[in-house]
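Only one structure is covered here, and it is reproduced in the block below.
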Amino acid sequence: MGKNVVVLGTQWGDEGKGKIVDLLTEHATAVVRYQGGHNAGHTLVIDGEKTVLHLIPSGVLREGVQCLIGNGVVVAPDALLREIVKLEEKGIPVRERLRISPSCPLILSYHVALDQAREKARGEFKIGTTGRGIGPAYEDKVARRGLRIGDLFHRERFAAKLGELLDYHNFVLVNYYKEPAIDFQKTLDECMEYADMLKPLMLDVTAALHEMRRDGKDIMFEGAQGSLLDIDHGTYPYVTSSNTTAGGIATGSGFGPMYLDYILGITKAYTTRVGSGPFPTELFDDVGAFLAKRGHEFGATTGRARRCGWFDAVILRRAIEINSISGLCLTKLDVLDGLETINICVGYENEEGAVIDAPTDADSYLGLRPVYEQMPGWSESTLGAKTLEELPAAARAYIKRVEELVGAPIDIISTGPDRNETIVLRHPFG
């Protein structure tokens, strides 16, 4: 009997999912991406060598693991092919391991142009997108006008749809945003080149997943971004354009929720956020700078500096509920080494002094102040610890208090960037 495990982020992304997926794929037959696009950036460190993945599932570095991209992922063919070539230059046989649903929506040049034009027009009110066309591609999908990978293999039909789409989007680009139009013939020629390279990678991912399930294989689902960036449950409108929570698995891969056995929520031992939007525990002092420097807090996709703050138990409790989390993985514990005291946000206080629960949209965060519980820090190093007993008593107390506050067990603790720098208390595939 196989197990089907989900790994997803519980904060605003950048929680360290890539390392944990790579660690757990030792037990998996397949790793599946089910939402997002190449706005994700998953960093893996194996024997000191760093690899950053954007579209391809993190299981690609494991021999014998099949990597699947489900229908919920928006695919930029140029970005995908660049990533494939980069990995192949390292000797990784990507094309043997990777298969893609033909139902994936395409991200094309006009999506990127629209994304960047909108952010530019918003000025100081920009959302902080990666500018890679993710949102506009999902818009086309929901409006039922988008092109999908499967359309690439029918030239005449594709050309007709592309012409209609460009008429529509170029009108907005030129007349509203005062940006140059996207050329039809250039776009069509590029897409036909992509078609030849992508055709061998096509697979009915949904059917393949259910065949594996019936055969008792272990399957892992890899989330991108974090729960608080979910289009429905995140800090709207400062969110991404897909469902980053566990519900996105069913829609983004065709694998029903009753088949899932364990949902692992990844959370940092502190909190970070990239781009605009509410962040109640954000630090603007020396501690914030310390966390950013020690944690190397720069986006794997954009290179942008991440905002840093104290651990927020309020948002984690919400993420645990909306994802039905089975257990947590606490990452970057070692970044807290050397801090004299550590704060945990246990609630929010409004201007009247009343303590309230997590708001449901960005505007509702205005005027809220974090309520902190202070804990002693530790001077000893936790870097590379492989057992709970190796951790300082204060670090163990911090872990226990987090569990108590959020109501979920911490089953895995990451104590460094390498896959071996990990404490596994309960294995998701166990």
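Each residue, glycine too, has its Cβ placed from N, Cα and C.
Going through Thr29, Thr206, Thr235, Thr240 against Swiss-Prot, the one listed in the IMP site together with Asp14, Glu15, Gly16, Lys17, Asn39, Ala40, Gly41, His42, Thr130, Arg144, Gln225, Arg304 turns out to be Thr240.
Neighbour density for Gly303 (substrate binding site): within 10 A of its CB lie 8 other CB atoms from the protein chains shown.
A coil conformation is recorded for Arg304 (IMP binding site) in the three-state DSSP classification, outside any helix or strand. When the recorded positions His42, Ala305, Arg306 are screened for a C-alpha within 10 angstroms of the C-alpha of Gly16 (GTP binding site), the residues that qualify, in sequence order, are His42.
For the pair Thr415 (GTP binding site) and Gln225 (IMP binding site), the Cα-Cα distance reads 21 Å. Gly13 (GTP binding site) sits 4 Å from Gln225 (IMP binding site), counting Cα to Cα. When the alpha carbons of Ala305 (substrate binding site) and Asp14 (Mg(2+) binding site) are compared, the span between them is 12 angstrom.
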